[in-house]
Structure formats: structure tokens, C-alpha cells
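Student: Right, I'll just put the structure down here and ask away after.
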Amino acid sequence: MHVLEPEAAHLVDQSVPTYNKTNNASPLRKLKCWVLGLGINSENLLIILTITGVLLGVALGCTLRKMSLSDEAIILVKFPGEMLMRMLKMLIIPIIVTSVITGLSNLDLKKSGRMGAHAIAYYVATTTLAVILGVVLVSIIQPGNQKRFSLNKAAEQRVISTLDTFLDLIRNLFPENIVAACLQVAQTQLTRSEEMMGNSSNISSINNSTIMNKSLDYNQSKILKVERKLEQIPNANVLGIIIFSVFFGVTLSNLKEEGKIVTEFFSVMNSIFMRMITIILWYSPIGICSLLAGNLLTLGGVQDLIESLGMYMLTVIAGLMIHLLITLPIIYVAITRKNPFRVYYATSQAFLTALGTASSAGTLPLSIQCLEENLGIDKRVTKFVLPLGATMNMDGTALLEGVAAITIAQMYQYSLSAGQIVTISVTATFASIGAAAIPSAGLVTLVLVLSAIGLPSEAVGLLWSIDWLLDRIRTSVNVMGDCIGAVIVQHLNKELLAED
């Protein structure tokens with residue numbers, strides 16, 4: 001029998017915790033040891049807690065519906081969810097600004113100008129196509145149609161022409177004051193003036209339906225004039241902030257060593273905000289439970305809600321699969337004249353990892369390895385295109401935000417004009433660029449898309465109940481879009497890479 005030396009036995013005795021040490025550990029430490037003993041990492045634990053919050057929210061909402069609670073009680077039920085939405089709104093703009101500036105300021109545009117131009121053109125094209133696809137599908141399927149389900153309280157609607165909406169969109173791309181852009185957004189308002197025999201009176205805000213109804217009672221001596229006035233509405237100008245951040249980041253990248261300190265500052269700030277949003281996500285199961293329970297107390301029918309959420313989920317999944325299996329392969333074949341599914345097979349491990357982790361950033365090392373080892377992609381391409389894509393190329397996120405925004409508008413019985421649909425599409429495209437590469441970041445930036453058309457953000461809690469599944473699918477689509485883009489950039493720059 002092998003006998004331990006005294007010194008070795010002493011080391012073994014120290015390394016094995018005694019019963020008393022374990023018994024005296026804090027409850028938090030015991031829970032952590034138990035979770036790790038089950039092989040559950042922090043990401044999977046958050047998913048389990050989120051699903052638990054969803055189930056508890058549904059059970060609590062269905063139970064409280066039978067009690068006919070007062071308005072004050074319903075407000076208290078919704079309060080933890082309201083705190084979640086307020087915390088998310090607090091960090092949305094800082095995360096988008098620092099993420100966009102950090103991603104662009106680290107680019108060497110002169111050294112990799114052609115490669116960067118091809119990559120960015122690909123990202124913009126695929127993201128735009130994804131948003132358009134999502135808008136078309138949600139307009140056809142209408143998962144939030146009021147025939148199936150609608151929130152009891154309709155959203156306050158601002159009726160205005162498509163031209164005014166489009167002009168407001170262009171104006172907000174270039175804010176005259178970047179500080180005010182964090183608080184205000186420019187919107188055209190209609191005012192009416194009634195005139196009789198050249199005199200005007202009773203000026204007030206109206207909408208198109210009011211104009212029509214009032215005009216029926218006017219005799220020939222009364223004249224109705226409609227005037228347009230540009231006003232600053234309390235809301236964040238998301239598009240203007242993102243455009244400014246892009247301009248700032250590109251300019252900063254041209255300063256090289258001179259701007260290194262500023263680049264490092266925004267990089268550190270981005271890391272801080274990412275960690276803060278991660279901490280808030282640990283509170284999200286409580287907030288989701290509260291939002292679901294509160295919304296169930298004010299809805300018409302739970303069965304109709306489940307049907308609408310199911311239709312919404314099918315719409316998003318259908319859009320993601322069409323984008324993954326049809327749109328991206330068509331683009332790849334049109335440019336390279338090669339089989340796109342060869343790329344899918346070579347990067348299948350990265351796809352499955354993204355499906356499990358729901359994080360583009362977490363899958364990045366494996367994506368680089370798959371492309372370099374299985375497809376022989378140049379390291380200069382993978383090290384440049386894939387990190388850039390993990391920050392800026394979020395096709396699945398953009399598609400989901402477009403579908404989700406229009407679905408919520410349908411739930412609130414909010415009729416969207418063509419101009420507002422364009423606003424949703426453009427805002428979803430830009431918001432996806434600033435979406436952090438972390439789980440559920442798409443729903444965080446969805447709040448910005450909703451604010452662009454004046455919709456309340458509390459309905460995000462309903463969509464969050466099923467986002468734990470959709471997040472994995474859209475992240476996988478994001479990762480495959482990055483991989484396809486890297487192969488396309490390699491094909492377009494093979495002569496330049498050969499010369500270097």
C-alpha cells in the first residue's frame with residue numbers, strides 16, 4: 001500500500017474542506033457551489049431563471065385576474081417591471097454610443113480601406129434586406145392583429161402625412177444639438193385655424209380625422225386652414241445619436257496615435273456599460289414576471305395573447321430561416337459563383353455554439369478558427385472582418401426589431417403609415433448596429449425603435465417571455481452572416497491579399 005509522506009498528507013488535509021468549513025459557508029457560496037456542482041454556468045442559470053420568471057408571471061397574472069384588483073394594486077404589480085424598463089432605458093444610449101465609437105475607432109481605414117468598404121457594404125446590404133423581409137412578413141401575417149388580441153388601452157396616435165414623416169426622418173439624422181438629441185426629437189405637428197371672412201380663431205392641435213369630421217359642419221363662410229409646425233418632442237433622437245457616433249468614430253480612427261487616449265477611454269466605458277447591462281439582466285427575471293403579470297391583468301383574453309405570441313414567434317423564425325437559407329446564399333452565389341452550403345458545413349460548430357450561448361462575441365474565437373482551418377481564409381481577413389461583424393452586423397437582430405415593433409403597434413391598434421414603417425426600418429437598421437453582442441441585446445435596443453414612433457415600451461415584457469429561444473436563433477443567423485461576409489471579402493480582395 002502506498003503511504004503518503006507527512007508533508008504530502010498535510011497538503012491533502014488542507015486541500016479537502018472539512019464538514020465544519022462547509023457548514024459555516026455563506027448561503028450565497030453554498031448556492032454557487034451547488035450550481036457549479038450541477039454543471040450549470042451563469043448563462044444557463046440566467047436562462048433557467050428567465051423561464052421561471054415567465055412561468056411565475058403567467059401563473060400570478062392568471063390567479064390575480066380572478067380577484068378584480070384595484071388600479072392601485074395593479075400599479076404595484078407592474079412596478080418591478082417598470083423599474084426594469086427604466087434601468088434598460090438608462091443604459092441604451094451610453095451602450096450604443098460607446099459600442100459604435102469603439103468599433104469604428106479601432107479600424108485602420110487607410111490600411112484596410114478596400115477590405116473595410118466591402119465589409120461595411122455587405123453589412124449594410126444584408127441588414128437592410130433582413131429588415132425589409134421582416135416588415136413584409138409581419139405585414140402579411142399580422143401576429144398582433146386586433147382580431148386576435150389587443151391591449152385594452154390603445155396608444156395615442158399622431159396622424160400625419162407620409163411626406164412629413166419622411167422629412168422628420170431626414171431632419172433627425174442630423175441633429176442641430178447633440179446634447180439635446182439625447183432628450184428631444186423633431187416632429188412635425190398639425191395645427192388648425194378657423195377663419196370667417198378673413199378672421200381666424202380657435203387654434204388647436206388636431207389630426208386628419210378631426211379635420212374631416214369638422215369640415216362637414218362648416219358653411220361656405222368658414223375656412224379651415226391646416227398649418228405645419230416643427231416641434232421638439234421629449235424623446236431620444238436615436239438616429240441622430242448613431243449618425244454622430246459613426247462620424248465621431250470614423251474621424252477618431254484617422255487620428256491614429258493622437259487619438260489613442262480617447263479610443264481607450266471609449267473602450268473602457270463600453271466595457272463598463274456592458275458589465276452594467278449584464279448585472280441588470282440578472283434582475284430581468286423579476287421584471288419579466290412583473291410585466292407579464294401586470295399585462296395579463298389588463299388584457300382581454302389569455303388564450304388570444306398566447307396565440308399572438310405564438311404567431312409572432314413563428315413570424316420571426318420564418319424570417320430568420322428565409323434570410324439564412326435563401327437571402328444569404330443568393331448573395332454568396334451572385335458574388336463568388338460557389339456553393340454557399342460549403343461555408344455552412346465548415347462553420348457548423350460556430351453555428352451550434354452561437355445557438356447555445358446566444359452571444360456573437362462569445363462565438364468569435366470559434367468562428368475565426370473554423371474559417372481559417374476549414375476554409376483556409378486569410379488571417380488578415382478573419383481578424384478584421386469577424387470582430388467588426390460581431391459589433392456591427394446584426395441581421396437577425398434587425399429583423400426581429402422590425403417584426404417586434406410592428407407587432408406591438410398591431411397590439412395597440414396603432415395604424416402605421418408608410419412613412420412610419422420606413423422610420424421603423426431605418427431605426428431598426430441603425431439600432432442593430434449599436435446592439436451589444438450580449439444575450440437579449442436586441443430587445444434592449446427595441447425600446448429605441450418603439451420610441452421612434454411613439455409606442456410605449458412596456459409591451460416589450462410580453463415579447464421577452466419568449467426571447468430566450470428567439471435570441472439563440474437570431475444570434476446563430478448573425479454569426480453565419482459574419483462568416484459568409486468574411487468569405488465574400490476574401491473573394492473580392494484575393495488579388496490584393498496575394499500582393500501583400
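Numbers here mean position along the shown chain, with the first residue as 1.
Any Cβ shown, glycine's included, is placed from N, Cα and C.
Take a look at what TrEMBL says about it:
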type	residues	note
TRANSMEM	45-67	transmembrane segment
TRANSMEM	88-107	transmembrane segment
TRANSMEM	119-141	transmembrane segment
TRANSMEM	272-297	transmembrane segment
TRANSMEM	309-335	transmembrane segment
TRANSMEM	421-438	transmembrane segment
TRANSMEM	444-466	transmembrane segment
Student: If you count Cβ pairs under 8 Å, which stretch among 119-141, 272-297, 444-466 touches the transmembrane segment (45-67) the most?
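Tutor: Stretch with maximum Cβ contacts: 272-297.
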Student: Would the transmembrane segment (444-466) count as touching the transmembrane segment (119-141), i.e. at least 3 C-beta pairs under 8 angstroms with sequence separation of 6+?
Tutor: no
Student: Is the number of Cβ-Cβ pairs under 8 Å between the transmembrane segment (88-107) and the transmembrane segment (309-335) three or more, considering only pairs separated by 6 or more positions?
Tutor: no
Student: Same chain, outside the transmembrane segment (444-466) by at least 6, Cβ under 8 Å from its Cβ: which residues?
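Tutor: Counting only partners 6 or more residues beyond its ends, the transmembrane segment (444-466) has Cβ contacts under 8 Å with 50, 54, 57-58, 78, 81-82, 84-85, 88-89, 91-92, 95-96, 151, 155-158, 185, 235-236, 238-239, 277, 284, 287-288, 290-292, 294-295, 305, 309, 312-313, 397, 400-402, 404-405, 407-409, 411-412, 414, 416, 420, 423-424, 427-428, 431-432, 434-436.
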